[in-house]
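Over in TrEMBL, the protein carries these features:
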DOMAIN    14-345  domain 'Acyltransferase 3'
TRANSMEM  12-33  transmembrane segment
TRANSMEM  39-61  transmembrane segment
TRANSMEM  82-100  transmembrane segment
TRANSMEM  144-166  transmembrane segment
TRANSMEM  173-190  transmembrane segment
TRANSMEM  210-229  transmembrane segment
TRANSMEM  241-257  transmembrane segment
TRANSMEM  263-286  transmembrane segment
TRANSMEM  307-324  transmembrane segment
TRANSMEM  336-353  transmembrane segment
TRANSMEM  379-396  transmembrane segment
Amino acid sequence: MIDRTEIEKRDYIAAFDGLRAIAIMSIVGHQMMAYRIPGGFLGLNIFLLLSGYFMTASLMDSLMKNGKVPLKSFLTKRLKRIIIPTFAMIVAVIFYLLLFQRELLVNLRSTMVSNLFFMNNWWQIIQENDHAITVLTQSPFSHLWYMSLAVQYYLLWPILFVFLSVMIKKHQVLQKVVLALLVASVLLMITKDFSNVHFLRIFFGTDTRAFSVLTGAVVALLFPIQRFYGEYIQKYRYESVIRFVPIVLLVLTLFIMKEHSHLTFRGGMFIFDVIVAALIMISLHPKSVTSLFFRLKPLTVIGRRSLSYYLWYLPLSVLYQAKIGDTSSTPFLHRIVEIVLLVILGELWYQLFEKGKFSKVMNQLSAQWTHSTRRTVKMVYSAAVVLILLIGFIQASPRLSAQESALQEVILASESLSQNTRNTDKKVVKTINNIQGLSREETVFSSNTSITFIGDTMLLAMAQEIPTLYPNAVISANRDLQVFELGEMIDQLKEQKQLGDIIVLMVGSNGAYTKGQLDAVLKNIGMDKQIFLVSNTINRTWQQEINHISESLAQKYSNVHYIDWKSESSTHPDWFYEKASIVNTTGAHQQGLWIAKMIYQTLRGS
């Protein structure tokens, strides 16, 4: 993420800020409404590609003019631009947490350290983004993996490029070598065993994401910044139309590509990067018609502040929702409030750190002080920062709470159970269990039912109750599952003939969905199946919205039924983990019994 000072003012291209604006709006939109903008996460690819482009363009310019690169000043200038505002944000958030929301400091110690050393992406890979922690206590810093990735590229790529430039004198050979590195990174991504390796290794890896930076580098070598100042000549009759093609493709990809899809990691992200590269080369020339959109004042203003907006969009959301509590009754209003707060804080950070006003004010004040006063103020300021970090470090216990440990064990055990039930070689169980809480008729019915459970964390939390109730059930669960990504899972279940006569859907913990998206899932499952939609209890802005969608579709189709677990459990807070909406072991047992009773009553009558 780079502001316009990455290149000299004479080389400033306003359209690049417009492209950055598209990137940051996609990222924020994806965080708030992933079901509307499923490909919004690709905004990070745009930032990485632009980083590679401007770093390489600046390095090439220095080599051509001076025959060398002042590597120390090059790295210092660019790293300070990222590190200082990031560090300031971390300190500010920790200070706020110490004063107002200490409960969110739980388990932040490793996150703090990994972010301060800009290795958070690899820490999250090693930890596999501990799901129990993210469910019970969201981290305000989990998005900073990208800042770690950016700093790593800022350190590695200039050094590697200068080395290659010294070793390889011919420009065309240099292009081919960089292109080879790009291909190697793409191959690393697409050859990872996505079915067995968690997508975080591919998504966060410095090696597997390098292709975006290298794509930008290749564009800089093929299409240097000076080309934007050349004479604009339309060579072909339909050239203006062709310039719109990458713009249309970019927008379509943002609304089509899905974060956890196999296609995304089997070359989809690279295809998106190629689209962005084509957009840069043929659509952003200052005198082209297509660049007018990217040069619109609102977009350029947003684009210049993209770093500050990125730093604050997740902390604001996490802190706001944790403070307010249940925001599902008026989700639109709360989203507007979050956006307003983001604009305010983003502007403050932009002015203080990106525009350098904090340093200017401090310099103006220190000019009036004696040497002794300046020294004292500096010591007090440094001591305050160290004290905040130290207290935050001490308060942020590295140990999981008893509830988090319990939930983590349940989730891991349920994931293993899910894999076992998907085993095509498993034997059919004919034993009828004696289940306390169910009548003999309900027990016999459940034991002989062909049923498939599909869901996310909500299902994983209670999955271990299922084999007792439904001995031959198939459980297909994914902790990161989104409704708009269900197509691949259902198709796989169909292919393996593991879709039972009864389907229970327990989804919505990871994000909202539209009525059309859930409707498409129901039709994909098949109208010959009896489908049960379990209401969601997740304490998020979208809870009421998705429950209303499920209920309305149950009224629309005769084979679709709504199980109102939300209402049934509302008077039993002891069934849930504290300050969360995920069932504990007691709640899991009660939920399993309730689902079994509702299915029996619906299909056999009470």
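Placement of Cβ uses the backbone N, Cα and C atoms for every residue, glycine included.
Against the transmembrane segment (210-229), stretch 39-61 shows more Cβ pairs under 8 Å than any other of 39-61, 241-257, 307-324, 379-396. Using the rule of three or more Cβ pairs under 8 Å, pairs at least 6 apart in sequence, the transmembrane segment (263-286) is not in contact with the transmembrane segment (336-353). Residues 1, 44, 47-48, 51-52, 55-56, 59, 63, 69, 71, 74-75, 78-79, 82-83, 86, 90, 114-115, 118-122, 124, 174, 177-178, 204, 206, 209-210, 213, 217, 310-311 of the same chain sit 6 or more residues outside the transmembrane segment (144-166) yet have a Cβ under 8 Å from a Cβ within it.
With a cut-off of 8 Å between Cβ atoms, the residues of this chain six or more beyond the transmembrane segment (39-61) that come close are 1-2, 6-7, 16, 19-20, 22-31, 69, 74, 78, 146, 149-150, 153-154, 157-158, 161-162, 165, 209, 212-217, 219-221, 224-225, 253-259, 269, 272-273, 276-277, 280, 306, 310. Where the transmembrane segment (12-33) meets the stretches 82-100, 173-190, 241-257, 307-324, 379-396, the count of C-beta pairs under 8 angstroms peaks at 307-324. Taking Cβ pairs closer than 8 Å, the transmembrane segment (307-324) reaches residues 1-3, 24, 27-28, 31-32, 47, 81-82, 85-86, 89, 93, 96-97, 100-101, 103-104, 138-143, 146-147, 334, 337-338, 341-342, 345-350, 353-354, 540-541 in its own chain, all 6 or more past its ends. Per-residue confidence over the domain 'Acyltransferase 3' (14-345) averages out at a pLDDT of 88.
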